[in-house]
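In what follows, a structure is listed as structure tokens, so that the remarks can point back to it.
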Amino acid sequence: DRQTLMAVLQFLRRSNLRESEEILRREARLLGDDLSAAALSPAGAALLGGPGGDADSGGEALLSRVTAAAAIAIGSSVATVASSSPGVAAVAAVPPGKGGARAGAAGSLPGAGGRLLPAGPRGLEGLCASRSLGGIVVEDQPDVSAVLSAYNQQGDPTLYEEYYSGLKHFIECSLDCHRAELSQLFYPLFVHMYLELVYNQHESEAKSFFERFHGDQECYYQDDLRVLSSLTKKEHMKGNETMLDFRTSKFVLRISRDSYQLLKRHLQEKQNNQIWNIVQEHLYIDIFDGMPRSKQQIDAMVGSLAGEAKREANKAKVFFGLLKEPEFDVPLDDEDEEGENEEGKPKKKKPKKDSVGSKSKKQDPNAPPQNRIPLPELKDSDKLDKVMNMKEAARRVRLGPECLPSICFYTFLNAYQGLTAVDITDDSSMIVGGFADSTVRVWSVTPKKLRSVKTAADLSLIDKESDDVLERIMDEKTASELKILYGHSGPVYGTSFSPDRNYLLSCSEDGTVRLWSLQTFTCLVGYKGHNYPVWDTQFSPYGYYFVSGGHDRVARLWATDHYQPLRIFAGHLADVTCTRFHPNSNYIATGSADRTVRLWDVLNGNCVRIFTGHKGPIHSLAFSPNGRFLATGATDGRVLLWDIGHGLMVGELKGHTDTIYALRFSRDGEILASGSMDNTVRLWDAVKAFEDLETDDFTTATGHINLPENSQDLLLGTYMTKSTPVVHLHFTRRNLLLAAGAYSSQ
């Protein structure tokens, strides 16, 4: 941007930094006369200072807006800023003698090659991005008219095809190492050039542009292109949310410095301003130093609606460790007391019990502070349940490649109401189904029937001091294997039992989340916050809190005793399709139809991780029991594995041929089970998948991931159902795998 350049030159001249000024002028190919002319022009004066042209303060203001981190130039007094965004390459000077000092590094972090990169996600882009077009500042304005006006016509519509094919020819003829990286430009440029033509009412040119080039785009953009092809008039763009998002969020490309320089040189030589303007206006280029990435490395990470995640997005610290378990004594079971070999038995149990109780002994270094978020107090019944859990865990089967779990499949037969959601209680005693006919049905899967509490009149007659008071309050006349809960007015898309088995959540197309009592089998609360269908809901592992996500693209955090949500997690560009709590309850993962997974901090509502790589909407999430890893499944039939601490993709499991609706780790995390619409359950070796991870500093800094092609080595078994898509998976406390789905007769 010439004006800005002039302003920077003026400032350098005022500050007597002749040498820096000369270098910048040579870079920008400007002569001395241009500078004085610019200084005289009102625009130059206005840019440098106010109307009177108070150049010093203005120049400083301008440079402070640039927040340029001056790079360290060894043995030289001048440093070029490593700009992490397309935009102005500003030059800041380091006074001689302070060769190693940071000059005005506003929150800068050392990048590769001894340079300092601007840490702000927008770096230098502030200058280019908030340029006002027609009096409207375009930076992140979700207002439709403001957003669309960014497409102010600058080029000759008939030349668009020429521009695009010229760039295409240049990229296809460039060296292999750059071609893969630069090919990422095809899709965002194609979309923006098409939208620009449509917005400026060159409908026939837009149509021919689309027909000529849409076939060149990657296959995973097909759905987006279908939406795009329906936008043929300016009026269509006004109501289209997807395209509005594409406009407001800059498409992120991660490109090595060499490839970026190559592109920049080509566009400047060709005077191809149209494309250069789009690159600056609508794309965010995250430049890294080092080797360009290979086609495989790029393919693994791209495919989401807004490109890749900026590297900055995954740098925040995440406390992924587990909270300390409360300590209480575990009484021996009756069997142990009866056994004569009293010494032998506990000895055999001890090492196993330690593996459960060891968490409680020492604090995990990666765990959040115990009181980081307020968690509910443990009731006596919870403690009793924990004791039961530990006893069960002592008898847990250690799984592994040599010892696979047995799988028990619950098939919903004649589910003509349409099964849309399933959940199983932690102790595997109840199973719930959400149906398209708006009912929620709860079954007991143990011989113990489901009973309601007696009426108030009957309860008043009970002796409250008796030992079996909890048994007496139950009404035997209500005992049955199945209870049906009526209340929703649309299909039920998500269900979740509370950890203490007293409550059940369900969310529906009617926009509400309902809380049901499993003591009375009635609805206690309807939470209204989403205005559109709610696709998923889940209780926190500690109870009390729960999360919901829906068509309005946000996830909400609730507490059972509040009518309003406590947090609203906004940032996805399409429906939030699935939600999961981290085992320590401090974080929530959300999967979306924008093909990204985000991790949110419950404490402050910030997004601390963005994972891109799936090529279709995400429908399942599972955290590993130790809290370090996340597995995600999508309509692309791939399971991706993520290291939460480093913010990196660490594995890809290929094998399913349809959407993956269920993922679950075994209780000790040795096995990952995945269930899909392709009617199979597959078991994967999670220990092997996560061992020997390469998470060195270089990988973390640049995101150069090398995924091992070892899906077949990790696949431990594939189990077919007759004709039942797998909707839910659950490992019992003893590591028996339960699966559920509705038989479909196609």
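Backbone N, Cα and C atoms are what each Cβ position is placed from, and that goes for glycine too.
The compositional bias 'Acidic residues' annotation in TrEMBL covers 330-341.
According to TrEMBL, the compositional bias 'Basic and acidic residues' annotation covers 353-364.
Sequence annotations record features per position, and here TrEMBL assigns domain 'TFIID subunit TAF5 NTD2' to 155-283. Across the domain 'TFIID subunit TAF5 NTD2' (155-283), DSSP classifies residues as 102 helix, 7 strand, 20 coil.
Taken from TrEMBL, the feature region 'Disordered' applies to 330-382.
If you look up TrEMBL, you'll see 412-453 (among others) marked as repeat 'WD'. Long-range neighbours of the repeat 'WD' (412-453) within the same chain, counting only residues 6 or more positions beyond its ends whose Cβ lies under 8 Å from a Cβ of the stretch, are 385, 388-389, 459, 473-476, 478-497, 499, 501, 504, 506, 508, 510, 516, 518-521, 727-728, 730, 732-733, 736, 738, 740-743.
Here TrEMBL flags 485-520 (among others) as repeat 'WD'. Model confidence over the repeat 'WD' (485-520) stands at 95, taken as the mean pLDDT rounded to a whole number.
Residues annotated as repeat 'WD' in TrEMBL: 527-558 (among others). Away from its own ends, the repeat 'WD' (527-558) comes close to residues 375-376, 490, 493-500, 503, 505-515, 564-570, 572-581, 583, 585, 588, 590, 592, 600, 602 of its chain (Cβ-Cβ under 8 Å, at least six residues beyond either end).
For the repeat 'WD' (569-610), same-chain residues at least 6 beyond its ends with a Cβ under 8 Å from one of its own Cβ atoms are 242, 245-246, 249, 303-306, 309-310, 313-314, 316, 318-323, 367-368, 372-373, 375, 535-542, 545, 547-551, 553-557, 616-623, 625-627, 630, 632, 634, 642, 644, 647. What TrEMBL records for 569-610 (among others) is repeat 'WD'.
For 611-644 (among others), the entry in TrEMBL reads repeat 'WD'. Nonlocal intrachain contacts for the repeat 'WD' (611-644), taken as residues 6+ away from its ends with a CB within less than 8 angstroms of a stretch CB, comprise 220, 300-304, 307-309, 314, 318, 320-322, 366, 574-575, 577-584, 589-593, 595-599, 650-665, 667-669, 672, 674, 676, 678, 684, 686, 689-690, 693, 695.
Per TrEMBL, the feature repeat 'WD' maps to 653-685 (among others). Broken down by DSSP into helix, strand and coil, the repeat 'WD' (653-685) contains 0 helix, 20 strand, 13 coil.
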Three-state composition of the repeat 'WD' (412-453), taking helix and strand from DSSP: 0 helix, 20 strand, 22 coil
Tally of residues which DSSP labels helix, strand or coil - the repeat 'WD' (569-610): 0 helix, 24 strand, 18 coil
